[in-house]
């Protein structure tokens with residue numbers, strides 16, 4: 001299964017390389033080769049318990065698929081923005097690719113360093129790949145860009161040491177690279193833009209994303225350290241939690257956002273949300289869907305009898321939320337993507353805040369949330385945090401957030417790139433959902449080395465093709481320009497990756513589909 005997963009990732013890397021064919025795509029190939037070898041060292045460390053931190057069990061290390069996400073995203077973003085003539089974002093893509101390669105190499109050096117005896121061949125491969133990447137960076141990046149890449153690496157090192165220690169068994173090494181690498185990059189971007197504020201430059205919704213993500217992460221770190229010294233389950237601690245949340249929100253996050261957007265954040269947000277009648281209709285519709293999702297949670301918990309406290313929700317039951325998310329995102333993508341962008345940021349902040357309330361058992365809702373959400377746990381929620389619903393939101397939202405709007409003057413990219421914002425809907429909302437439902441109910445032929453079925457994968461591919469046809473009918477901005485073969489190949493590769501990966505598919509699959517469609 002690991003070999004097939006690696007083969008699929010190499011197929012994506014080589015596809016991007018064949019399209020781009022420059023020094024950075026060659027570097028991506030070199031990083032992929034060394035990550036393939038390092039992945040087996042990480043797998044061995046996890047089996048023998050020799051890893052520095054406690055990682056999530058029942059999964060391989062996932063180093064190769066995670067290592068290639070950021071470099072490939074940077075490479076395809078660079079190419080798209082170069083073709084559009086937007087130099088600033090072309091350089092931004094170069095920084096993203098270089099940062100991703102350096103983070104992947106750091107994870108490789110860490111694995112090689114703690115493996116005993118020292119793996120000579122892997123050391124040589126890592127050294128060669130590192131030399132190629134550093135040589136390319138030396139001849140491609142300016143001094144300020146090199147400093148920016150090193151800053152992200154430094155933040156990643158410290159953030160990894162803190163969070164992997166505080167949150168055991170929540171991530172595999174690959175998931176840690178993907179999540180913590182992304183958070184490190186966002187934090188560095190926020191610091192950089194805060195120090196270089198130019199009035200009228202930059203989109204307020206981008207600043208809103210940066211401040212919201214960094215704000216909730218810092219909030220969690222603050223309370224994690226605080227509750228090491230006091231019991232979080234008492235009423236006094238809970239009152240202190242709510243009070244400090246208000247203080248940090250109004251005293252730190254709001255002024256920070258005000259400095260970036262040069263206007264009152266609350267007034268800006270209210271004006272933005274209720275700017276048009278279409279937005280009002282969408283907000284009412286989304287409120288109804290949110291109430292429906294809560295209704296599903298309460299109904300499933302009501303069905304849980306007192307004799308079966310260990311009963312868990314079935315796969316099909318959990319996929320109800322995937323259908324609700326698809327129904328949420330598709331109208332937003334068709335009618336108002338900026339509103340969807342901001343609403344997804346708000347939902348992420350709310351989800352993470354509610355997870356803090358559950359994790360710290362903050363009164364009055366902490367214990368209730370623990371009871372309600374325990375029904376929907378699966379084997380991937382082996383650590384102290386419940387992250388699958390947050391990963392689902394991220395998987396649907398990242399293609400919207402990472403879409404290079406400045407490099408798409410008409411609001412959409414040409415060819416298959418027009419489907420980039422729909423990557424989450426296609427890969428997770430349609431493909432993963434249909435594969436799970438049909439595979440668990442009608443699947444008989446299993447893929448070698450996995451629990452996934454051939455029937456599930458084939459129906460997922462077919463369902464995504466139908467979804468693309470429906471998008472063409474209902475979204476007039478999408479024009480594929482006869483790139484149907486590439487779309488079919490992209491959907492098929494990602495569906496096969498879903499069958500073989502043991503990583504969090506809600507997070508990984510949309511990013512790989514986005515990379516393929518942008519290429």
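From the backbone N, Cα and C atoms, a Cβ is placed for every residue, glycine too.
Automatic prediction, not curation, is the source of TrEMBL annotations.
Here the structure is a predicted model, which means the values were calculated and not measured.
Look at TrEMBL and you will find 7-37, 57-76, 88-112, 149-167, 240-258, 278-299, 320-335, 341-361, 382-402, 422-442, 454-474, 486-513 (among others) tagged as transmembrane segment.
Within the chain carrying the transmembrane segment (320-335), a Cβ under 8 angstroms from the stretch's Cβ atoms is held by residues 278, 282, 285-286, 289, 292-293, 296, 343, 389, 392-393, 396, 400, 421-422, 424-425, 428-430, 432-433, 474-475, all 6 or more beyond its ends. For the transmembrane segment (382-402), the most Cβ-contacting stretch among 57-76, 88-112, 240-258, 422-442 is 422-442 (pairs under 8 Å). Of the ranges 88-112, 341-361, 422-442, 486-513, the one with the most Cβ pairs under 8 Å to the transmembrane segment (7-37) is 88-112.
If you look at the transmembrane segment (422-442) against the transmembrane segment (454-474), you find at least three C-beta pairs under 8 angstroms, all six or more positions apart, and that counts as contact. When Cβ distances are compared across the two stretches, the transmembrane segment (57-76) makes no contact with the transmembrane segment (341-361), since fewer than 3 pairs at least 6 residues apart fall below 8 angstroms.
For the transmembrane segment (88-112), the list of distant contacts is 24, 27-28, 31, 34-35, 38, 41-42, 45, 52, 63, 67-82, 118-119, 122-123, 126, 129-130, 133, 136-137, 140-141, 145, 148-150, 152-153, 156-157, 173, 177, 181, 184-185, 404, 406-407: same-chain residues at least six beyond its ends, Cβ to Cβ under 8 Å. Long-range Cβ contacts of the transmembrane segment (486-513) within its own chain (Cβ-Cβ under 8 Å, at least 6 residues beyond either end) map to 1, 4-5, 8-9, 11-12, 15, 58-60, 62, 65-66, 69, 73, 172, 174-175, 178-179, 380, 387-388, 391-392, 394-396, 398-399, 415-416, 419, 423-424, 426-428, 431-432, 435, 447, 449-450, 452, 456-457, 460-461, 464-465, 468, 480. Distant neighbours of the transmembrane segment (454-474): 334, 419, 422, 425-427, 430-432, 434-436, 438-440, 442-447, 480, 487-488, 491-492, 495-496, 498-499; these residues of the same chain sit at least 6 beyond its ends, with a Cβ under 8 Å from one of its Cβ atoms.
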